[in-house]
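Report on the following structure.
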Amino acid sequence: MVSVTRAVFGELPSGEGIVEKFQLRSDQLSVDVLSWGCAISALRARDRQGEASDVVLGFADLEGYLQKQPYFGAVVGRVANRIAKGRFTVDGKEYHLPINREPNSLHGGFRGFDKVLWTPQVLSNGIQFSRVSPDGEEGYPGELKVWVTYTLDGGELVINYRAQASQTTPVNLTNHSYFNLAGQGSPDIYDHEVTIAAEAYLPVDETLIPTGVIAPVEGTAFDLRKPVELGKHLQDHHLHGFDHNFCLTGSKEKHFCARVRHAGSGRVLEVYTTQPGVQFYTGNFLDGTLRGKGGAVYPKHSGFCLETQNWPDAVNQPRFPPVLLQPEEEYNHTTWLKFSVA
């Protein structure tokens, strides 16, 4: 059984509308989702003692989400991740996007899908959000109708993304939740054990754009096919953190992506997806300046993201999986977040 309740979360300044919070509850999980950016603002999962803790970083009030902050819990688009120099060409026409993370365009621009109010529809086991991204929004071609659906089934949160375009446009949607399985507000994720089912990864240049090389993980710091303890692994390989795309199986069916285990609490997160990639990000840009829920501060490496998505800058890289959505097609991808204890 899943219950869905709704409440007012806050009011947008200058009368732009009311932001609502929807709570999805099963016997194993409780998930709060906002109509602002479709953001997951809380996710309570049980430890091996049966104690529930909130395992996502975020804010207790709307003001927190409206300030400059690193996409906590939000759906990002029209195109997640980076587009080199904010430029791409479709059907012979060059498009220029806002450069919101020098020298590239990141996560849809200055006002991406994370910074808009979505229209909610309550379902029996979840919540569906929809919006129409107008032609030219943040420089992208064509009108895009988008639906993001969160459903709960026991210990599993399922996120489905659908989109339809009026003209050819790149589309790449993901959720940017930051997790800490010890409980949000815990100082780091070094004691988390990480596995990612990827034979290859994408090396990047100094601006975090893929070089175009699809590199085997074998014999590198990016070989996470067997579990590694994150802190020790970063230390052993002299890494400042991960912010890389891992290349998953080419199948469009549901496939295993990643598993993260926190030994102290026993919490396990398994990720399955239909997407060809996952951006594993270890919160390298968090710096402790933001005040989160319960007065928590979020220093570097205090949360991790597993952003299931197409590969970064795919619109400019012919060897990468196709990212263009044609008017007669439907974009349809699903990611499953399965919580358990071990």
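Using the three backbone atoms N, Cα and C, a Cβ is placed for every residue, glycine included.
As given in TrEMBL:
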type     : residues                                     : note
ACT_SITE : His176                                       : active site, proton donor
ACT_SITE : Glu307                                       : active site, proton acceptor
BINDING  : Asn81, Arg82, His176, Ser177, Tyr178, Asp243 : beta-D-galactose binding site
Hey, what's the Cβ neighbour count for His176 (active site, proton donor) at 10 Å?
22
What's the CA-CA gap between Asn81 (beta-D-galactose binding site) and Glu307 (active site, proton acceptor) in angstrom, rounded?
9
Quiz question: given the recorded positions Asp243, Glu307, which has the greatest number of C-beta atoms lying within 10 angstroms of its own C-beta?
Glu307
Looking only at Cβ atoms, how many others are within 10 Å of the one on Asn81 (beta-D-galactose binding site)?
25
Within its own chain, what residues at least 6 apart in sequence put their Cβ under 8 Å from the Cβ of Arg82 (beta-D-galactose binding site), listed in sequence order?
Arg101, Asn104, Ser105, Leu106, Thr207, Leu208, Ile209, Pro312, Asp313
With the beta-D-galactose site defined by the record as Asn81, Arg82, His176, Ser177, Tyr178, Asp243, how many Å span the farthest pair of C-alpha atoms?
18
So how many other Cβ atoms are close to Ser177 (beta-D-galactose binding site), meaning within 10 Å of its Cβ?
26
Pop the Cα-Cα gap between the residue listed as 'active site, proton donor' and Glu307 (active site, proton acceptor) into the table, whole Å please.
6
Can you count the other CB atoms that lie within 10 A of the CB of Tyr178 (beta-D-galactose binding site)?
25
C-alpha of Asp243 (beta-D-galactose binding site) to C-alpha of His176 (active site, proton donor): distance in Å?
13
